[in-house]
Amino acid sequence: MKQYLQLCQRIVDEGQWVENKRTGTRCLTVINADLEYDVANNQFPMITTRKSYYKAAIAELLGYLRGYDSAAQFREIGCKTWDANANENSAWLNNPHRKGEDDMGRVYGVQGRAWQRPDGSTLDQLAKVINNLKNGIDDRGEIISFYNPGEFELGCLRPCMHTHTFSLLGDTLYLTSIQRSCDVPLGLNFNQIQCFVLLALVAQITGHKAGKAYHKITNAHIYENQLELMRDVQLKREPFASPQLKINPNIKSLNDIETWVTRDDFEVTGYECHEAIQYPFSV
C-alpha cells in the first residue's frame with residue numbers, strides 16, 4: 001500500500017501534463033514505476049485508502065485466461081469493465097472488423113490463448129507456459145504476451161498490462177508483469193490484484209511456491225478530472241494493513257480455470273478501508 005501512495009504522490013509532485021488524444025483529457029504523467037508484491041507472505045495489494053473491490057478484477061483475469069473476446073462473456077462471470085470499450089469507444093464502433101454488440105475483437109486473452117501463426121494455426125501461449133512449469137521447466141522464455149501490433153486494428157483496445165514472464169528458481173515461482181500505460185487512481189487497483197493472483201494461481205496449479213510478483217509500468221498517469229480527488233482526498237488518508245487472499249485449494253489445473261472456477265473461489269480476509277471515492281473513467 002505504501003508503494004502505491006508513493007507513486008501517487010510522485011505523479012502529483014513530479015508529473016508533467018500530457019494531452020491524451022484518445023480520451024480528450026489531459027494526464028499528469030511520470031515515466032517508469034516499479035512495484036512489487038509479496039505473494040509468498042500473502043500481502044494482498046488491495047487499496048485501503050478508498051473502498052476497493054477485488055472480485056471483478058479476478059473475474060477479468062479469469063476471462064483473460066480463458067481467451068474471452070466478448071464483453072457479454074465477462075459480464076456473465078461478474079465483470080463489467082469491458083462494456084464501455086466494446087460498446088462506447090467511437091473508433092471501435094466505426095471499425096469494420098467489429099462483429100457487433102459486445103465484441104472486443106482480438107485483445108488480451110485472445111492473443112494469450114490463440115496467437116495467429118503465419119500458416120493460419122494458433123499458438124496457445126498460456127498452455128505452453130503452464131505445461132513447462134508443471135514439469136519444472138524454465139526455458140527463460142516462459143512468457144505470455146498480449147501485445148500483437150499486427151492485429152491492433154482487430155481489437156477495441158491495445159493491451160495496457162501486456163506481458164507476463166514467469167521465472168522458476170528451485171521450487172519458487174516469480175512473475176514479472178510489464179504495463180505500457182496505467183490509469184493509477186482507477187486501473188492500478190485492478191492491475192496489482194491481477195499480478196498477485198496470476199502468480200498465486202499459476203504457482204498453485206503448477207505445484208510451486210509463490211515468490212514475488214514484479215510490476216513495471218512505463219507510463220503512469222492521473223487524469224486531470226481525477227487529480228483533485230487524489231491530491232486532496234485519497235492522499236490525505238492513512239492506509240490500513242494489507243489484507244490476505246484465500247484461493248480454493250481444489251483449483252489444480254488449467255482445465256479447472258477454464259471450466260468451473262469463478263470469482264467466488266477467491267476470498268479476501270482482514271480488509272479495512274476508508275470510504276469510497278468515485279473517480280471518473282475516461283473511455
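Using the three backbone atoms N, Cα and C, a Cβ is placed for every residue, glycine included.
If you take the C-beta of CYS160 (active site, nucleophile) and look for same-chain residues 6 or more apart in sequence within under 8 angstroms, you find GLN179, ARG180, SER181, CYS182, GLY187, ASN191. DSSP assigns CYS160 (active site, nucleophile) to coil, not to a helix or a strand. What Swiss-Prot lists as active site, nucleophile is CYS160, and the listing cites sequence analysis.
Around TYR223 (dUMP binding site), taking its Cβ as the centre, 22 other Cβ atoms fall within 10 Å, counting all chains. Under the heading dUMP binding site, Swiss-Prot lists ARG22, ARG180, SER181, CYS182, ASP183, ASN191, HIS221, ILE222, TYR223.
According to Swiss-Prot, the feature (6R)-5,10-methylene-5,6,7,8-tetrahydrofolate binding site maps to ASP183, SER282. Close to ASP183 (dUMP binding site) in the fold, though at least 6 residues off in sequence, lie HIS221, ILE222, TYR223, PHE281, SER282, each with a CB less than 8 Å from its CB.
The binding-site residues ARG22, HIS221 differ in how many other CB atoms lie within 10 Å of their CB, and the one with the most is HIS221.
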